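Participant: According to TrEMBL, the feature transmembrane segment maps to A:6-23, A:30-49, A:55-79, A:91-110, A:122-142, A:151-170, A:176-199.
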Amino acid sequence: MNIFFLQFLLGILFLSIFYLHLAKKNFGAVIAYSIQSLIITLILFTSFLETNSFFLLFVVLVTLVIKVILASVFFFRLIQKHKLTFSVSTYLNLPLTLIVLAGFTAIAHSQKFLSLTNIIPAHQALLSLALSAIFISLFLVINRKDALSQAVGILSLENSIVAFAIFAGLEQSPMLQFGIIFDIFIWLVISTVFISMIYRHFGSLDTSTMKHLKD
Amino acid sequence: MEFIIIISSLVIASLIAILAKHRITVECVSISASAVALIESFVVAFKVALSGDYSPFAFFSVDALGALLMLIISCVGFATVAYSIPYLRKETANNIIGFTRVKQYFTLLNLFLGAMFLAISSSSPIFAWIAIEATTLSTAFLISFYNKSSAMEAAWKYLIINSIGLLLGFFGTLLYFTSIDPSLGNGFISWHMLTTNAIHMDPLLAKIAFVFVLIGYGTKVGLAPMHTWLPDAHSKAPAPISALLSGVLLNVALVIVLKFKIITDSVIGQSFSQTLLIVFGTFSILISALIILSQKSYKRLLAYSSIENMGIIALGFGFGGLGVMAAILHTIYHSLTKSALFFLSGNFLLKYHSAKIANVKGALKALPITSILFLIGFFAITGAPPFGIFLTKLFTFSAGITTHPVIGITAILLTAIVFIGFFKHASAMVFGEKPSEMKQEKESIWLILPPLILLILVLVLSFYQPPFLQVLIHNATLYYK
């Protein structure tokens, strides 16, 4: 597959995470996650075209159904049910958030992580971008106050790791990939149930208001 | 065959618990499944002791440490199910939970046990990761079992922090796969393949991978500073679940870290991984020592004690040599004792309806047997002689003093602080006058037997280990040294 096309796909994935940091509305965040998951599905599909493994095609289809369709449906229903139009604020303000994002992206492209991004020398640019995606997804979970964004952040982190694994040639057997996706599906179901329960208990998804636990 | 019997019996018990219409069915099926798991775990342990690593199928493989962990999971698991039955009956009688909750409890408990067996017996690191993630998912609803705001908060914190940790662990795991030729194993990479191909790994990449694995799985182990979910989750979960979380799950995650340690050591030598284990271990003991002194809840007190003990075990593996044997023995003693202490904390909770230390007074008069066992458990867990933890701490710290004197002495001082803090709280609960309005009732034998048997087991194992257990400990020490 053309490396520029893959770079283009990964670029969109990276931008979708960037958008997740900026999104003020939950609807937009879920759309961004769906696009991100669709990118992962497309990248997996390019692997299928190279290997012609029908097991892999099955994994591609399951990924499409769970990450792109079901995840969006679950989150949209949650947003509609509890009228969660706007997401809660972040711990850092926008300028500081942008500085941190730039910092993480620069670190991922630095010599410090050369042994990580040089696993396949021809894919160094792709791996650097995937590593940036991992770092900024992790920061998304930390920086966001609301439970829904935290859940999307975790799923985004998983997508970024999958992208890194594919470009580093570390893909697993289709059976194990299926196991991982099944795990993600269960995680998705449990997290949406919890988000609903949190809303019922606290009247909002703002995790910074949860202060029942103290040493 | 044993692995399939264990896991399928637990999964079937879960399914029956969902469908059952009578409480007795749920209880009988759950206790039977955990009894089957106990018997089959002994069979596996005997086989490993006799012939070394046991791998009847490509997907399953157990070494000496894995066999020891299987014994721990099955013993504590059986005791947990046995204790849960009268405990939940009492809670139902007190109108705290209904039959639907009981069904949900046993369904998730059996799945949790099955996931831990899978994580330990899996021959693939990815399969093990999936199983560890499954333990998070099965226990999240058990932590929020009482549906209170604080329990919900603890469960969400647990879910998010552990999910981040496990994803970082997953990333670290994938980095180890760079040592394997992609054409090998058809995408299925086993622990054995990783160990034999470790020499092909880039040393710097091995260091980065181990850092990710240690931080990732270390979150599940409860090593400080990734421990923040642990006291909340362990204090909010029902007492029998806290016993499993503290006594078993932390060790299961630690074994995964140790498997990666062996691979890392064969690439870059022992000093890197040992230093990291010593740093995280010492920090864990320090954090728990400082917080135990000012603790207000006895369940959180036990949770912080778990962080301290996981720190001591990490120190043992970090110091190496004699420390490794001490760490393995410490794992066994800690699992059994801590589970017993959490069961006893459940008895306090049923009687006093509060987890606050300040609200539990004169327990020796209100719950004499529970109180005496709690004091025995306290002495056992803090390392007072004649209990085994006294010797394991002695061996760990003496191993440390020879190689890292400052760390060794600091750890001794910190464990002394833990003893003082724990003693202060335990004596405040046990001694004094019980509330005047509290009725004197006979303690339920079924709520006493599980912790009593575990404490007797700790005492016996402190003086005598059966030959098959000695072989397992010896082989595990040689491999993880």
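Counting begins at 1 with the first residue displayed.
Cβ atoms here come from the backbone N, Cα and C positions, even for glycine.
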Participant: Going along the chain, which residues at least six beyond the ends of the transmembrane segment (A:30-49) come within the CB cut-off of under 8 Å?
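Facilitator: Contacts of the transmembrane segment (A:30-49) (Cβ under 8 Å, skipping residues fewer than 6 from its ends): 1, 6, 9-10, 12-13, 16-17, 19-20, 23, 56-57, 59-60, 63-64, 67-68, 71-72, 75-76, 79, 152, 155-156, 159, 162-163, 166, 171.
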Participant: Select the range from A:6-23, A:122-142, A:151-170, A:176-199 that forms the most Cβ-Cβ pairs under 8 Å with the transmembrane segment (A:55-79).
Facilitator: A:176-199
Participant: Considering only Cβ pairs within less than 8 angstroms, which of the stretches A:122-142, A:151-170, A:176-199 has the most against the transmembrane segment (A:6-23)?
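Facilitator: The stretch with the most contacts is A:122-142.
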